[in-house]
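A.B. asks: Take a look at this one; I'll ask things after.
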């Protein structure tokens, strides 16, 4: 390929599946490049990455990286994002978006270690993921080349793709033969399904597209009560038991899955300009968001909380659009992290058939003061007379305006 | 009372209950003022306002206004607010906040009609409602006097208050005798409970504080499916049946109540400076918000939608703080309303044990285009090659920055 | 050109200069398309558009549109933008940005009238103007094709371009022969210079790059005093004399030019990702901005004014980036226009050697109330006691926080 | 005074002038409190603080603190604020606002050291300064009492005030006798004048109200050229000479004063609800702001710069309103400071009769890349073809919208 003719060595984000195996081969044959593979355990639900390693070996990958990045994923990406209560377009918890910069970071690091001049990913030319992979890579290495084979290759149909695979002896699972492309993504935070049966926004998603939760209707008819402990804005324990970030999120996922929590069927606006419909499942994240908001409700000052709410949509948009490594995201993170120093304490929740119900929150750093708010005698903590001046001065400009408007 | 010595006639927001009856009498005896009462049906769940009228008569009110303002409430206050998807501090649907400016508007109108020089309300000096009542009144009539007896009178305890009532032959219901003040508010959008048993943020609210919903656990184990129709951003029909605004919201309330939808237990930041804990129930509003977001998801352009999300917290804060009649709220409303012209179509939802599950949305004005998004052949609707330039230019500044940062 | 092989008829934004003449010819010869020319008087300082008409005729343009759009430009674009006090990156008054959507609107209108299937412009592939032209065109006609010859043609150097001109007998002014491309833009609001001698950000711009102002150092050493009248946020008169929008702006330009007002030397961030350095002159606009802020200072409520300030950078960015016809710009405009209803009155200014000095402002709609602010006896307009409650409640959350932070 | 009957010892912000001397005496006689004085050199232009010390001694102050806080003022308050390019309501550089929290901090510190239970200030009940003093004090010590004698004492006129002074043998300068209260404030950043002759917004301020600048008309008719050096967003040198923060600002003040720079005549919106008119002079600050924006223009990424611009009005409002020590200001500061790490280099400016003209900027950390922006051959740094895809995807949603809107 003329376009990539100078590329000698590529680091490929490699899942071991059919599509990225085709890409691996295509990079070797069409570009004549050496390929380094990177396969990560992001908590996508694949227990064993050894088959991917063996497949990469078999296909002639020059160097093979297989890594468990689950703790890094949760500590350095998921938790910082949850400190912001980030939600895109009012509903989406950014489960796919947040994993992309991590993968790019590893690709770029491996490129440096192995002397590769390019990285490659398996995202299509219609989605957000290409943007996220590539912006992250550019921000981390301005000279890196990023190859997106789906945008470049000449295959015109699924059939041509499979023919290429067959020709190069890439094993094709039986059930893949007749399947149209169908996008699924998964990691420790969420799984998503897009395309095919979901493309009619009026049709209800069939039950089988769900990958990691039972339906609220099928969840047990009993309440599960848990307590999540927080420190500096991050969850650190469940029911008093300290857990590492990834272990904690995995435990919340189990609790969410069993109780039908975290399903979402939405139509979202992609950065590349069109609307798309997706079914997302974020069981643990949904619980975590509710709990984080609850612990903030007693430990965060109003000014801090409202500033966070005001900038949140922008922060979420930056992550959605792939600007994790942009300075404005880092500036907002500095603002957010500054607010979390005293966000600590416990939140008690009931999980029940799709519901996450906060039933209590407590903290050594609580700003809730019963003596101020009580209807009972407050022993002078609050002077109701102050309210009169407060209201009068807040209203002064409105009165001035009203007088002006009636012609005074 | 020296402070109000010039006041001759007061319009009182009068519920017919014990507290506002005491206020009525206090205004007559302490201020020597004539009292005009205003009793409104806001959908608070009192079927008959006639007892309030008779009580006002009996207590010597000079003029008595009793009005059903439910349609006005929903058309001019609730629906405009829902066009904004307004939520305060991430969770509260502003059910109490939005009713206050309507009441003040009527008080001020009646004051003009009756030649009264003051209005009075029964909100305490610790809460937000005093602010909302008074800012609205000042904005509508800069010369109006607003009397908040709870801030002014000399009663030091519930007992003194009840003694005053007894002395003036105000009937006291038996169960009121030993009760400490306990704040309940209700209207067609929501009901709220604050104080007493709720003052410990770690304690779960007892089931009996809930006024208008069954618990998710007690809701029937079957799905109710409904379709809500929208025009210009407002709900206009349920299951194809056109309903007036108030009738529609009432019907959604019934559906929400039966299915355990819309309960909220939160700690919020009051405008007057302290945190308070409340239990809110907004059954119909919770359904409406989910449906409105869903119809917007296919009919609103991304730029419009994100701008709305960015300004929403500010808009919600303005309503919460009592600035409904401030010019900045009206400016934001102009912005929001401008976006709603084509927000029309249907949303189908499943209601089930506390869950509101969007299962479909369709619109003659839909911006969702399957030809753009499909994984199938899109017949040229979208050129994947465009994505490369899009990403490269979005990334240009990040690459420039990265090069600078490594010293180039 | 394969890419544009279906194009039959193109409407070209035609200045009559060398570059757009080359484009005209290139469209005819390379695309084999009929060309319709559109030449507009935007106030760029060309007194007579007839030469452009004759040149277009001579070069075989099929249909020729020549229009004076100055009033439309100021009424529908410049004035709405000035209502917002729009300034990009703290300094740039958006003089080039605001003209582009107007030109695109005319191109698209003419395309509809003449049955053309494409429009073409002379902006290069590195700048913002291509984006502005094209986004506006797409927003007004989703099917229009937009041809940007600078991005498409094969010319590799200025020499090749001139050879093409010579070959097609396009007259080349003598002094153009050896000149590298140099970008100048001008309209009634401003003129700009970019490139060449300006490309070193440390070098001071030579005096000769300035096109429409004298230097402050060369301006007369005497003060010119003027009064600008406003109605609904727009300037309507100078020294009591009512003027049409374009006439008024032209008069301010003359005043600014003579007094050395409105020069700007900046480095800005382009939407396409790089920084560029420009020298801009906006003599009348600079006066207008100062006057508009001054009349707002006495007629706009604080809440309205601060909301405007908060959204201004976003509004300016939208215009800079070419999103004039995007719904979010229109929503912000609705918000802004809502605020301007009572922005009326007079502002008196001194113009002197680069300075615009506001010396007075008055309005029948003034919100300035001397009785409130005076240090003299205010006869009860303001009760200083109110301030105590106001401060105490504003400080309540800070005191709660401080107590928490020291461990109470 | 009953209200302050428990107060035993007060720390007073003491200038040595008539008004704060009256307050000192009033605190002693009316409250029966011991008074500790704090007199600071903030750069207000008083060369010698010893007279204030002696006067405090003479009047029986128990403990006397006199401190030069100029370096602290510029380092910890002025410079952090200038990193944000903070401007209130488009024009005001916050010169008074930023000094108040520093004074409160010292008052509270001294109260702790001396065991005082209250602090006192000389601001009136109509202005912003009372709010700034008191909010800062409350944020630093939740139990501190703040006494604002102007709100509390019984004096009804200037005459009564002076009678009290005379009775207590407080020396009254001759020219003070017949003077109405007139508010002047000054520190190293600015000076302000309010009241009296300025109360008519249409009247031009008389020349004599200006305290620290010559008029542009009176400034010399020659250009002064300077170069300011920056590191981490702060000015560190003038013409290559390193200066401490306060020394540098003082030098800029001299340059500004001589060249007629930094005068401002405005009508602003006070936090307490009314508009007021002021004449401000910020000679050095005006130069500094222009220079800081210029150095940012080449060293700050677009995303960072635009985020800063978007949050700036809010940041400025917080400082104006007195919320320097609020968590939201500190969060915004964290965001701003994060952006300034590479804001370094030189800015060259011409100062001339009121003008501050940036003529050059350079930096080892510059993000300006001539190879990207040049009209000359860029040797492949930028591919103009990328722009097409960039524009097409940015326009995709607009085209979709346009097609929808015409009924497709």
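Heads up, residue numbers simply count up from 1 along the chain you see.
For all residues, glycine too, the Cβ spot is worked out from N, Cα and C.
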A.B. asks: Which of these, C:95, C:115, C:122, C:125, does TrEMBL say binds ATP at the same site as C:13, C:14, C:15, C:16, C:17, C:18, C:19, C:20, C:21, C:40?
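C.D. replies: So the ATP site in TrEMBL includes C:13, C:14, C:15, C:16, C:17, C:18, C:19, C:20, C:21, C:40 plus, from the candidates C:95, C:115, C:122, C:125, C:122.
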A.B. asks: Radius 10 Å, atoms counted are CB only; among the binding-site residues C:92, C:280, which position scores highest?
C.D. replies: C:280
A.B. asks: How many other Cβ atoms are found within 10 Å of the Cβ atom of residue C:19 (ATP binding site), counting all protein chains shown?
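C.D. replies: So the Cβ neighbour count for residue C:19 (ATP binding site) comes to 17.
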A.B. asks: With an 8 Å cut-off on Cβ-Cβ distance and a minimum sequence separation of at least 6, pull the same-chain contacts of residue C:128 (L-citrulline binding site), or say none.
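C.D. replies: Same-chain residues close to residue C:128 (L-citrulline binding site) (Cβ under 8 Å, separated by 6 or more) are C:96, C:97, C:270, C:271, C:272, C:320, C:321, C:322.
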A.B. asks: Might you list, by sequence position, any residue in that chain lying six or more from residue C:15 (ATP binding site) with a Cβ less than 8 Å away from its Cβ?
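C.D. replies: Sequence-distant Cβ neighbours: C:39, C:52, C:122.
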A.B. asks: To the nearest whole angstrom, state the Cα distance for the pair residue C:124 (L-aspartate binding site) and residue C:192 (L-citrulline binding site).
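C.D. replies: Each residue's Cα considered, residue C:124 (L-aspartate binding site) and residue C:192 (L-citrulline binding site) end up 15 Å apart.
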A.B. asks: Would you mind checking how many other C-beta atoms are within 10 angstroms of the C-beta on residue C:129 (L-aspartate binding site)?
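C.D. replies: The answer is 21 other Cβ atoms.
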A.B. asks: On a simple 10 Å Cβ count over all chains shown, which one of the binding-site residues C:97, C:124 is most densely packed?
C.D. replies: C:97
A.B. asks: In terms of DSSP three-state secondary structure, what is the assignment for residue C:13 (ATP binding site)?
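C.D. replies: SS state of residue C:13 (ATP binding site) = strand.
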A.B. asks: Rounded to a whole number, what is the top Cα to Cα distance in Å among the residues the record ties to L-citrulline, namely C:92, C:97, C:128, C:132, C:183, C:192, C:268, C:280?
C.D. replies: 18
A.B. asks: Cβ within 8 Å of the L-aspartate site centroid (C:124, C:128, C:129 excluded): which residues?
C.D. replies: C:123, C:126, C:127, C:130, C:131, C:132, C:272
A.B. asks: Around the recorded L-citrulline site, report the further residues of that chain (criterion: Cβ within 8 Å of the mean position of the Cβ atoms of C:92, C:97, C:128, C:132, C:183, C:192, C:268, C:280; site residues excluded), sequence-ordered.
C.D. replies: C:94, C:95, C:96, C:127, C:129, C:185, C:194, C:278, C:320
A.B. asks: Quick one: Cα separation, residue C:192 (L-citrulline binding site) versus residue C:13 (ATP binding site), in Å?
C.D. replies: 19
